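Report on the following structure.
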Amino acid sequence: MKYRDLRDFIQLLEQRGQLKRIKQEIDPYLEMTEIADRTLRAQGPALLFENPKGSRYPVLANLFGTPQRVAWGMGQEDVSALRDVGEWMAMLKEPEPPKGLRDLFDKLPLFKQILNMPVKRLSKAPCQDIILTGDDVDLNQLPVQHCWPGDVAPLVTWGLTITKGPYKKRQNLGIYRQQLLAKNKLIMRWLDHRGGAIDFREWQEAHPGEPFPVVVAIGADPATILGAVTPVPDTLSEYAFAGLLRQSRTEVVKALSCDLDVPASAEIVLEGYLMPGETAPEGPYGDHTGYYNEVDDFSVFTITHMTMRKDAIYHSTYTGRPPDEPAMLGVALNEVFVPLVRKQFPEIVDFYLPPEGCSYRMAVVTIKKRYPGHAKRVMMGVWSFLRQFMYTKFVIVCDEDVNARDWNDVIWAITTRMDPARDTTLIEHTPIDYLDFASPVAGLGSKMGLDATNKWPGETQREWGTPIHMDEAVKRRVDELWDSLGIFD
């Protein structure tokens, strides 16, 4: 499936009964959040608020409110096919030459799709149909959501922030929330380890005191949006990965104020700069944890140009206690992660990030255990494998007979195969989510690994229990009798 732009995707969702147009006047202040939250919790459609109070621009919400819509956005027909996306990423992360002629032919479709990875630069693009500069730049024209009663100000949530460091060829795309500060200013909340923050830090080292160019694109095509939230290898541009997902090259156009590339079909584009040393207090905001976060200082993004398509659509979301849209993205991206971790650790059977755990704070891993201490090795591997997993506070490792996605199975394994003192691994002073107020220091906390596997000689001195299983012949006999017994008639 190919979507040239966000509007193509909206049309597809509408055809499939997965988009609802809301014609009543709805206030971006709290009302949109309440409607979107109720809809998402009922596994409802994406929402297009056509008459937002105080603005002429419609608001698109709940776009990726189900894992199925995430799969469609990635060009796949169903969620299970996202494993194929993970296979592509595993190959791109650690490419291997074909092992023979058969392997070469098997990989030809992927090699063909790799041809779509270079961007296609345009001289003109719809995202620059309307150009506003200077005093004409006014973010108050946009229906920016004020999501929760305790939020300090409206918040731009789905902006794709585009940056480039002084030492890299590739441009980085990331999604960072941005507090509305003034008609032409936002606060850029990015954490130190994120790509945009790294680019800014390196820029300040190379160009002390000089403004750092930044572009924020709102309402890009789904492949580009999802490319920005997928853990692509550091050497690969999100634009290139979006081309792989879309099966056609990502179309970009040069920004008006700098050399950064802008998604050609984006609905709204904000161009400007960060001035080193210019910061402002950000927050509090309700976040994906289900709590309001602390106030902290972050850099101010000054906007010099605002460009947009004719009849632009403002793309927005909210975050709150799961399930929310980030949690649904997490469920879908979980399927992408499985082939990635399996390539590094072939003994892994399944890898699950429960959405109740704020998408990444807890992982359940099932393995084909081969030796004493194997579970602990897997714990350490998970925490160190992808940058995203350094925020995972709890890793539970179980045997392959346990369904990682069934809490009945997992809790049974924890309570029958674990000794709390022997099988719990605690690690202090590790990187942790800055939004995790439970940690003793912001950004620094502990991790817990739970070894819920059967214990091998060397891990226990006792005879280990044998699981109960019914005789197979008896089960077959009862299967034959079952309907005639009439127990549930």
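Just so you know, glycine gets a Cβ as well, placed from its N, Cα and C.
Because the structure is a prediction, the values reported are computed rather than measured.
In Swiss-Prot this protein carries:
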type: BINDING; residues: Asn172, Glu238; note: Mn(2+) binding site
type: BINDING; residues: Ile175, Tyr176, Arg177, Arg189, Trp190, Leu191, Arg194, Gly195; note: prenylated FMN binding site
type: ACT_SITE; residues: Asp287; note: active site, proton donor
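Mapped onto this structure are the features recorded in Swiss-Prot.
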residue : record                      : Cβ within 10 Å
Asn172  : Mn(2+) binding site         : 21
Ile175  : prenylated FMN binding site : 19
Tyr176  : prenylated FMN binding site : 22
Arg177  : prenylated FMN binding site : 22
Arg189  : prenylated FMN binding site : 21
Trp190  : prenylated FMN binding site : 21
Leu191  : prenylated FMN binding site : 16
Arg194  : prenylated FMN binding site : 18
Gly195  : prenylated FMN binding site : 22
Asp287  : active site, proton donor   : 21
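Among the residues Ile175, Tyr176, Arg177, Arg189, Trp190, Leu191, Arg194, Gly195 said to bind prenylated FMN, no two Cα atoms are farther apart than 14 Å. Note on proximity: among Asn172, Glu238, Asp287, the recorded positions of the record, the Cα nearest Arg189 (prenylated FMN binding site) is that of Asp287. If you take the C-beta of Glu238 (Mn(2+) binding site) and look for same-chain residues 6 or more apart in sequence within under 8 angstroms, you find Asn172, Leu173, Thr224, Gly227, Ala228, Thr230, Val232. Those residues of the chain, other than Ile175, Tyr176, Arg177, Arg189, Trp190, Leu191, Arg194, Gly195, with a C-beta within 8 angstroms of the mean position of the prenylated FMN site C-beta atoms are Thr161, Gly174, Met188, Gly196, Ala197. Taking the C-alpha positions, the distance from Gly195 (prenylated FMN binding site) to Asp287 (active site, proton donor) comes to 21 Å.
Cα of Arg194 (prenylated FMN binding site) to Cα of the residue listed as 'active site, proton donor': a span of 18 Å.
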